[in-house]
Protein chains: 2
Amino acid sequence: MPYGKCQGHGWWQGKFRGCGYRITAAREAVLNTLMLSEEKHMSAEEIYLSVHENNPAVGLTTIYRTLEILNDMGMVFKFDFGDGRARYELASGTDDENHHHHLVCTACKKIIDYKEFIDDELELLRKTEKGLSEKYNFTINTHLIQFYGLCEDCRDTR
Amino acid sequence: MPYGKCQGHGWWQGKFRGCGYRITAAREAVLNTLMLSEEKHMSAEEIYLSVHENNPAVGLTTIYRTLEILNDMGMVFKFDFGDGRARYELASGTDDENHHHHLVCTACKKIIDYKEFIDDELELLRKTEKGLSEKYNFTINTHLIQFYGLCEDCRDTR
DNA sequence: CTCCTTAATGAAAATCATTTTCAATAATAA
DNA sequence: TTATTATTGAAAATGATTTTCATTAAGGAG
């Protein structure tokens, strides 16, 4: 249940109201950071620091709470890349546009998003999901695929 | 670098010595628990409790330290299934025998190992890894694939 | 077998990300 | 404008994991 386009002013406000959430400056600031930041896989603390620049009154607790409801609404994805903290990514397109996986550099923790080969991957996943569902009577909702290794810079450094 | 067969007495001692680690009762107890326990995806605390039954002198800290070196040696795999604690699995076979992925029930946290469809998967992965390596100059060492959903019991309960 | 070096250990304290508590504040419906 | 109640910040709590440090015990040397 990813979220659609993030275009125009207040594109998110309808979604918020629809879910019974109030529109607040803190929530707008979090979304703005997620949309405008260079870094696309921010931790709660990084988001906090960024929001803090323009909204010093917003506390870390509110960042966590906002990220939680954004995640619940499908507007944000939450990932664990193995560095001991959660990282968040704006779901900025349609379902198909969003679908991508990650390459994680285990040395410098850099994350690379990729969409290539996603089609082949999707086909395999469909097949696997079907088989597993039947064999284990398991209803599959989501999947996680990540590749771990060394990025260009870190490989050369060694 | 998974570990080979776990057969015979002291199959692990040579590996330990080879890596410069000493043979201790605590380490043997952890390996025994991992080998003999019904539960195949134990947390550090669960392992601690199990070890504690026969070796009450062994502390939780030692469990963590032992699991870390076992993971470093490739004798144990460490996973995050999203329940806020690491879980450990004995690498009890050869590379190929070990290779499997997980189905995670998001309701009851049950973990199902599966090996089916691994062959198709391996082929896709080879292709993807090659493509990604070339495009992003990224050296891929490992990958993680997990499916999340509801197991038979939890689906029926709803 | 005994001694010696040093890795391994347990207990307690420290970390650190995240969550909870609670009283104060502010967004919305009436 | 007011009343209701979600949202908030600060501080405390939580919980998994790590670190510290003094003590113990493997395992090589003799």
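Glycine is treated like the rest: Cβ placed from N, Cα and C.
These numbers come from a predicted model, not from an experiment.
The secondary structure of B:H99 (Fe cation binding site), as reduced to three states from DSSP, is coil rather than helix or strand. Around the Cβ of B:H99 (Fe cation binding site), a 10 Å sphere holds 13 further Cβ atoms from the protein chains shown. The Fe cation binding site feature in TrEMBL is assigned to B:H99, B:H143.
In this structure, B:C105 (Zn(2+) binding site) is part of a beta strand by DSSP. Per TrEMBL, Zn(2+) binding site is recorded for B:C105, B:C108, B:C151, B:C154.
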Neighbourhood of B:H143 (Fe cation binding site) by C-beta distance under 8 A, where only residues 6 or more apart in the same chain count: B:L125, B:E129
Measure from the CA atom of B:H99 (Fe cation binding site) to the CA atom of B:C105 (Zn(2+) binding site) and give the result in Å, rounded to a whole number. 20
Binding-site residues, contacting chain A; criterion Cβ under 8 Å; candidates B:H99, B:C108, B:H143, B:C151, B:C154: B:H143, B:C151
Cβ within 8 Å of the mean position of the Cβ atoms of B:C105, B:C108, B:C151, B:C154: remaining residues of the chain near Zn(2+): B:T106, B:A107, B:K109, B:K110, B:L150, B:E152, B:D153, B:R155
Among B:C108, B:C151, B:C154, i.e. the binding-site residues, the one with its Cα nearest that of B:H99 (Fe cation binding site) is B:C151
Chain-internal residues, separated by at least six, CB under 8 A from B:C154 (Zn(2+) binding site): B:C105, B:A107, B:C108
